């Protein structure tokens, strides 16, 4: 079936791109161009006419892209028409009138995958490239779409095939003990080497997933220390309500931020205190949960009130609820860092150096004093923790699960080999590892995940 879709964004624009793919692409383009088919891969001006009524639709630039040397591997055409809604609607209605079908989300990319133009990791990289909001996300997505992950996974696949070949050889020569035993022993170092490599890949601190999803930053503190004001100052807009009454923020408010190309997701949380109402208690619970799940916690205190240096150390008694927990585990992220932010320094003399330790950051969310230092600290953490995004790394939970499954199967093989397990049983462990690695790139049957992966694309991709 030949499909079509608007590949450019919806709405008014100077130019709109309509993509066609399938066997009827040539015939359809020939009819639209009134019998003047453009030369292959040469952008050409044409007056488009309805294939049956011959009504003029638009003046456009068109491309004829015969397969297989194109994106989908099928015959394709692209129409660059004027971007008004009426023009786009008229052209797409004409395509429907001659029997073409509107593409489903990601269907062009799915056809490219089906025709061997790219593997699943490259398709996922393309989806991430389309959705990239920051420079680091762009780099990471481009590296994956360009085949960096595919090359890494193919290397693992070849190592596994080598181990499997040795085991299969031991089965083929089972009647010759010396040959069978020798072949089986050759598989062990290959499997051990691959298991170690998979373990290193899994121990990456989820760098790729975090960069893809955004570095989570939770702003926590007592009521009225300026958490919402800081969120608004960093976002550059009034994203959260700021009011003098304690407990104004009840739910977690999220804002995305681009700092030097790194994606951050800021979360303003409810003030932490002994809440009276059930609603505020739920807000405090969510605040602590957000802090625990965050990659960075900004623990904020009010620098204008009292002895701002008198924050109890971990394990000490006394102090307000948050002040007693700033240095403790109550608001410590399960992974990541905690930065102490002293706000409202414009309302009081700055604390003596070291009052909160050398790592404290002194700011005024109201006047923006010190925000550059806070941003620099966040970027420094991101750079040191997650790199530039160009090195191949795991970017999706799906990848991590399959790599973990492959490693577990390899460990089972090695344990079985050490325990003298029969080669027939050992071979099953390697086949399970092969199934897991094959599902990473789509080398093996992955029909159950295709809909989820290609459903992330827009209709025209």
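From the backbone N, Cα and C atoms, a Cβ is placed for every residue, glycine too.
Record features (TrEMBL):
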type    : residues                                         : note
BINDING : 19, 78, 117, 461                                 : (6S)-5-formyl-5,6,7,8-tetrahydrofolate binding site
BINDING : 224, 225, 226, 227, 228, 229, 268, 269, 270, 271 : GTP binding site
BINDING : 228, 249                                         : Mg(2+) binding site
DOMAIN  : 214-383                                          : domain 'TrmE-type G'
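Residue 19 ((6S)-5-formyl-5,6,7,8-tetrahydrofolate binding site) and residue 226 (GTP binding site) have their C-alpha atoms 50 Å apart, to the nearest angstrom. In the three-state DSSP assignment, the secondary structure recorded for residue 226 (GTP binding site) is coil. When the Cα atoms are compared, residue 268 (GTP binding site) and residue 78 ((6S)-5-formyl-5,6,7,8-tetrahydrofolate binding site) turn out to be 45 Å apart. Residue 228 (GTP binding site) sits 48 Å from residue 78 ((6S)-5-formyl-5,6,7,8-tetrahydrofolate binding site), taking the CA atoms of both as reference points. Take the binding-site residues 19, 117: by the count of other Cβ atoms within 10 Å of each Cβ, the lowest one is 117. When the Cα of residue 117 ((6S)-5-formyl-5,6,7,8-tetrahydrofolate binding site) is compared against those of the binding-site residues 224, 226, 270, the shortest separation belongs to 270. Within the model, the domain 'TrmE-type G' (214-383) shows a mean pLDDT value of 75, rounded to a whole number. With every protein chain in view, the residue among the binding-site residues 78, 268 whose Cβ has the most Cβ partners within 10 Å turns out to be 268. Between the CA atoms of residue 78 ((6S)-5-formyl-5,6,7,8-tetrahydrofolate binding site) and residue 270 (GTP binding site) there is a gap of 51 Å.
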